[in-house]
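Since the structure comes first, as structure tokens, the remarks are kept for the end.
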Amino acid sequence: MLTFWLAVATLSALALVAGAVLGFAARRFQVKTDPVAERIDALLPQSQCAQCGYPGCRPYAEAVAGGAPINKCVPGGEAVMLKIAAQLSVDPQPMDGEASSRPESRVAWIDEGNCIGCTKCIQACPVDAIVGATRAVHTVVSDLCTGCDLCVAPCPTNCIEMRPLAITPTSWKWDLRTIPITVIQQEQHV
């Protein structure tokens, strides 16, 4: 019985020392982050698509906090740019040429007859929208795909292409400014 309590005491002391060392290390080597970059990063869509010219959303947020243009986020579009402008109290900028000229709703499509199951597209996809296994046919989950094109280049058989998103009631972009509205005045009944 003495051996049992000795083992418990030894493990408890070891856990206490390890906890103290880890607590000290966490405070001593703490990485300080920019709170402005944190707020901007929270506004970005987190697709990590690199269409802005930065390797991901966090580096772009840090660059914007440092003064980079706020109009480079293609997946977020004008809505994200306006939120960033409001957050930083700066004037909104027109969308970048590449961001505005690109079709808004595109998804990757895999020709399953030519897919060899190499998994290079799965490794390139930043949002895990491609499913499949090694030497098996892959397919794209269109609800998750952001249309970033990063899966197209690594494909050795060129079986991936970007196609327009099929228009459904949930994906339709309603432009309420083009709907004619007629104001009907009701007659007063006494």
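Positions of Cβ are set from backbone N, Cα and C atoms, glycine also.
What Swiss-Prot annotates here:
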type	residues	note
REGION	1-26	region 'Hydrophobic'
DOMAIN	32-90	domain '4Fe-4S'
BINDING	Cys49, Cys52, Cys57, Cys73	[4Fe-4S] cluster 1 binding site
DOMAIN	106-135	domain '4Fe-4S ferredoxin-type 1'
BINDING	Cys115, Cys118, Cys121, Cys155	[4Fe-4S] cluster 2 binding site
BINDING	Cys125, Cys145, Cys148, Cys151	[4Fe-4S] cluster 3 binding site
DOMAIN	136-165	domain '4Fe-4S ferredoxin-type 2'
Top Cα neighbour of Cys115 ([4Fe-4S] cluster 2 binding site) in the set of binding-site residues Cys57, Cys73, Cys125, Cys145, Cys148: Cys125
Distance from Cys49 ([4Fe-4S] cluster 1 binding site) back to Cys148 ([4Fe-4S] cluster 3 binding site), taken between C-alpha atoms, in Å: 5
Contacting positions for the domain '4Fe-4S ferredoxin-type 1' (106-135) when only residues 6+ beyond its ends and CB under 8 Å are counted: 47-50, 56, 141-142, 144-165
Pairwise Cα distance for Cys118 ([4Fe-4S] cluster 2 binding site)/Cys49 ([4Fe-4S] cluster 1 binding site) [Å, integer]: 21
Among Cys49, Cys57, Cys121, Cys125, the one of these binding-site residues whose Cβ has the fewest neighbouring Cβ atoms within 10 Å: Cys49
Euclidean distance between Cα atoms of Cys52 ([4Fe-4S] cluster 1 binding site) and Cys151 ([4Fe-4S] cluster 3 binding site), Å: 16
For Cys145 ([4Fe-4S] cluster 3 binding site), the one of Cys52, Cys121, Cys155 that lies nearest, given that the binding-site residues are compared by Cα: Cys121
Rounded distance in angstrom between the Cα atoms of Cys121 ([4Fe-4S] cluster 2 binding site) and Cys57 ([4Fe-4S] cluster 1 binding site): 20
